[in-house]
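A.B. asks: Quick one: this structure, given as structure tokens, is what I'll be asking you about.
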Amino acid sequence: MSKGDRPGLLLPFENKRIIRIRNSVYTETETPQRVYGEEITKINNRTYREWDPRRSKPAAAILNGLRRFPIRENDSVLYLGASTGTTISHISDICPAGTIYGVEVSYEPFSKLLDLAKKRNNLYPILEDANSPEKYSFFIEHVDVMYQDISQRNQIQIFKNNVNTFNPKRGFLVLKIRSVKSTEDSRSILNTAMDQLSVYHLKEVINLKPYDTDHYLITLDT
């Protein structure tokens with residue numbers, strides 16, 4: 001990054017640790033180590049990691065026009081479907097004074113998530129099935145924000161069950177259309193999902209194409 005580049009801070013997001021420079025998104029980090037081969041750069045004497053939109057859906061949503069990113073620096077975040085830690089590492093960056101609980105059911109990606117947590121003191125991995133929030137609720141004091149990225153047919157019900165258990169104020173849901181039903185029209189599946197989520201205060205629905213086909217990122221207040 002040249003010294004002449006001036007970062008354009010994303011519009012009125014609550015969290016100032018996210019910046020966008022032209023078609024790239026970055027998170028300010030206290031842990032300047034690559035997690036998945038991303039670029040690390042210095043801007044105004046601060047260290048940033050590039051947030052790859054082809055590897056992480058919130059970055060894709062930002063580039064596709066997401067206006068509100070409701071995660072604050074001291075929030076407690078419950079992340080369902082944490083996988084190997086690509087996206088949750090950026091959530092860890094933007095919540096340096098917060099706590100991030102990452103739930104992952106598969107052992108192989110969980111082992112990588114566990115390695116990541118050894119380098120980040122605000123990240124707590126949980127090896128459990130998000131279908132059963134009662135199995136890990138004892139570990140979690142409170143939740144401000146819930147983020148879900150799970151490829152299961154009942155992904156909406158998983159989201160609602162965890163909202164009922166943890167009562168977060170705000171939520172992100174990655175809707176994976178083809179995981180719900182592979183043969184039905186995408187618009188029909190999206191409309192059904194919107195009906196199921198109408199009990200919440202829906203804020204934004206962002207199509208993630210071309211970064212992810214038949215994927216949407218939905219933000220809401222509960």
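Here the Cβ of each residue, glycine as well, is placed from N, Cα and C on the backbone.
Under the heading S-adenosyl-L-methionine binding site, Swiss-Prot lists T86, T87, E104, V105, D129, A130, D149, I150, S151, Q152, citing sequence analysis as support.
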A.B. asks: Which chain-mates of S151 (S-adenosyl-L-methionine binding site) that are at least 6 residues away have a CB under 8 A from its CB, listed by sequence?
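C.D. replies: Set apart from S151 (S-adenosyl-L-methionine binding site) by at least 6 residues yet with Cβ under 8 Å, we have G81, K176, S179.
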A.B. asks: Report the member of E104, D129, D149 (the binding-site residues) whose C-beta atom has the most other C-beta atoms within 10 angstroms.
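C.D. replies: Going through E104, D129, D149 one by one, the largest Cβ count within 10 Å is at E104.
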A.B. asks: Would you identify the secondary structure of D149 (S-adenosyl-L-methionine binding site) according to DSSP, in three states?
C.D. replies: coil
A.B. asks: Which secondary structure state does DSSP assign to E104 (S-adenosyl-L-methionine binding site), in the simple three-class scheme?
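C.D. replies: E104 (S-adenosyl-L-methionine binding site) sits in a strand per DSSP.
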